[in-house]
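To keep things clear, I will list the structure first and then write my remarks on it.
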Amino acid sequence: MSQKGKPIDAPATEDPPYLQPGSIVEVNHEDNVCPRARYTAIIMERAASTDDQRYVVQFTNLYQDRNSGTKLSKEYNSVDIRPLPPPQPPRKFKVGDIVEAFFDDGWYEGKIDQVLDDDRYYIFRMSSMFLLFGMNQLRLHRTWLNGNWVPPLDESELAVEEEDSTEKMMESETGNAEASKAGTGNILEESDQKTKEKEEEFSEGAHVEVTNIDGDSSNQAWFAATIVKPVGNNRYLIRFETLRTEDDTGFLEKEIDSLHIRPPPPHIPVPDQFKMFDHVEVLYKGGWWKGVIAEVLPDDSKYLIFLANYDKLECKHSDLRPRQGSIDEK
């Protein structure tokens, strides 16, 4: 089984095309935040240890060991696997619509609770959480039933799906068929290539932020650090700027791979006052933790924050910054 980007050499089966080795799918993966969450994965092989339709998949954004970069592989029944939905053009939603929001590397099912700013932003209710999302972060909830999408794709989505298929055919005609064939494992290889290109990305003495690799994705924080030196294989020795050694003789040093290092977010103006449901990062225990404004307290300079792991925290305005993410290294 491929773990580090090697080609998938499992033989083709009599299963539907989306269940063939190498196919990109979405898997209903149980999550502590929401039981109805789907994550992108790759079919690795059909499980041989059972008569049921079970498959081994490797997730593209979930890790078994973040420190080593090993992706999580797990066995699922076919009822928990569906094809990757075609890209959906941005659409407007109304209160009560059942949608899916892209959150923590997965698509989470929930309901539109409020519509804000001329249909550009939405308050999304997921279990007991309320989160703010833009139009481009949402898609209509659909079910894969008996080989069809319910509700069915509309004309604009069918056009996107047909255009995607045409592009793949053109790749085949120009000699790039291997990039789109199921079972070649090129998707994994491309990921590894991007990782190689990141080597030596950070120079000695550079100020960076480092994520807490020992925590799970719902409890992720970023800590200020300095690059001490590169040590090869996309790894760096870093020195934290806020975390000290147990004997308090100096700042903690640790060897970390580049997947868990990023440049400090660019400075953007902090609003005079945050509002309910604003996505923020909170300076807490020496790191920046993601959370949502749950309440603006009577003292306007203080807020009640829901951290991503459900902890509640009262904090000052000066301990908050707008949450920023990294997309395509920007």
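The backbone N, Cα and C atoms fix where each Cβ goes, glycine too.
Nobody curates TrEMBL annotations by hand; they come from automatic prediction.
What you are looking at is a predicted structure, and each value in this text was computed from that prediction instead of being measured.
Taken verbatim from TrEMBL:
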{"type": "DOMAIN", "residues": "17-89", "note": "domain 'Agenet'"}
{"type": "DOMAIN", "residues": "91-146", "note": "domain 'Agenet'"}
{"type": "DOMAIN", "residues": "200-269", "note": "domain 'Agenet'"}
{"type": "DOMAIN", "residues": "272-328", "note": "domain 'Agenet'"}
{"type": "REGION", "residues": "1-21", "note": "region 'Disordered'"}
{"type": "REGION", "residues": "159-182", "note": "region 'Disordered'"}
### Message
If you average per-residue pLDDT over the domain 'Agenet' (91-146), what number do you get?
### Response
87
### Task
Using DSSP, tally how many residues of the domain 'Agenet' (17-89) sit in helix, strand and coil.
6 helix, 38 strand, 29 coil
### Task
May I have the DSSP-based helix, strand and coil counts for the residues of the domain 'Agenet' (200-269)?
6 helix, 36 strand, 28 coil
